[in-house]
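> Straight out of TrEMBL:
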type	residues	note
DOMAIN	42-293	domain 'G-protein coupled receptors family 1 profile'
TRANSMEM	24-50	transmembrane segment
TRANSMEM	62-88	transmembrane segment
TRANSMEM	100-121	transmembrane segment
TRANSMEM	142-164	transmembrane segment
TRANSMEM	197-222	transmembrane segment
TRANSMEM	243-264	transmembrane segment
TRANSMEM	276-295	transmembrane segment
Amino acid sequence: WEFNGSFYQPSAFLMMGIPGLEALHHWISIPFCALYLIALLGNCMILFIIKKTPSLHEPMYYFLSMLAVTDLGLVLCTLPTTLGIFWFNMRRIGFDACLTQMYIIHLLSFIESSVLLAMAFDRFIAISHPLRHSSILTKTTVIKIGLAIILRGMVSLLPIPFLLKRLTYCGKTELSHSFCFHPDIMNLACADIKVNVFYGMIILLSTVGMDFIFIVLSYILIIKTVISLATKEECLKALNTCVSHICAVLVFFIPMIGLSMIHRFGKNVPPLVNTLVAYTYLIIPPALNPIIYSIKSSHIREALLRALRRKSE
């Protein structure tokens, strides 16, 4: 502990694996390793295929590349601490290291939310204005959107570590997860955390909340456009281009909203449920997104098959 008058700050926090199943951590690590491996290989494969296939150098696949890079970041950020607990029972994490991991996790989550919104906008332009799609979403425009997404996340989250660092901590230093999460750290303080709660809620609603609302509005406009198409075949073809994106949105937002609600309002929720929702939020989307897009996108599937044929020859 660091002591300075009435100000107390722990030198480290203790992370938690899966409560009640500590004796089985070595066995539980097997499915986690499989999910991490799928996420790493799948997202690297998506990036490789898009880079090597000129026909995929389009806005939709540029945004998909951003999504893959973000998912890789989330995997690499949580993998060391999660497997460190399961394999070696390494529960200790330094205070500053915890704040750094927390900032990166939240930043990547906000970036993923914004990228999903950009992908929804891309689908809306592609369906509503197919002839102007390439002129509206040029490569320069896509780069500007990507930079704006990163800048928004970095600036909005920048005060969070400093707000946590000003708090006095005492007594319990055990986190609820194998990674650092803002509400989790905040609830360990024995000081007034109203500013942290208010700022965290405002940032969450003004970024991820607004992204989700605009994604829903985009699909309302897409459905209105699709209904106006002449034939049923054209409607189905247009909607089929959105299926993979809709799956990615649901896989990301449902556990994220669930985890946020549990941390803020679910004081009586069993720790095991809290832990499982957290792992679902951080590990499942990076593992499923490459599978979803590989199955539903014929262009990526064909490019993957061509690459496999070339390697087998």
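A Cβ is built for glycine as well, from the same backbone N, Cα and C atoms used for every other residue.
Just so you know, TrEMBL annotations are computer predictions that nobody has curated.
Since the structure is predicted, the reported quantities are computational estimates derived from the model, not experimental observations.
Where in this structure would I find these features, and how exposed are they?
Beyond the transmembrane segment (24-50), the same-chain residues lying 6 or more positions past its ends with a Cβ under 8 Å from any Cβ of the stretch are 17-18, 56-57, 61-62, 64-65, 68-69, 71-72, 75, 79, 82-83, 85-87, 89, 279, 283-284, 286-287, 289-291, 293-294, 300, 303-304, 307.
Only residues 6 or more beyond the boundaries of the transmembrane segment (100-121), in the same chain, are considered here, and those with a CB under 8 A from a CB of the stretch are 60, 63-64, 66-67, 70-71, 73-74, 77-78, 81, 93, 145, 149-150, 152-154, 156-157, 160-161, 164, 179-182, 185, 207-208, 211-212, 214-215, 218-219, 245, 248-249, 252-253, 256, 282, 285.
Cβ atoms under 8 Å from those of the transmembrane segment (243-264) belong to residues 67, 109, 112-113, 116, 119-120, 123, 181, 183-184, 187, 197, 201, 204, 208, 212, 215, 219, 273-274, 277-278, 280-281, 284-285, 288-289, 292-293, 295-297 of the same chain, restricted to positions at least 6 beyond its ends.
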> What else in the chain is close to the transmembrane segment (62-88), if you only count residues 6 or more beyond its ends and a Cβ gap under 8 Å?
15-17, 25-26, 28-29, 32-33, 36, 39-40, 43-44, 46-47, 50-51, 101, 104-105, 108-109, 111-112, 115-116, 118-119, 122, 139, 142, 146, 149, 178-179, 248, 282-283, 285-286, 289-290, 293
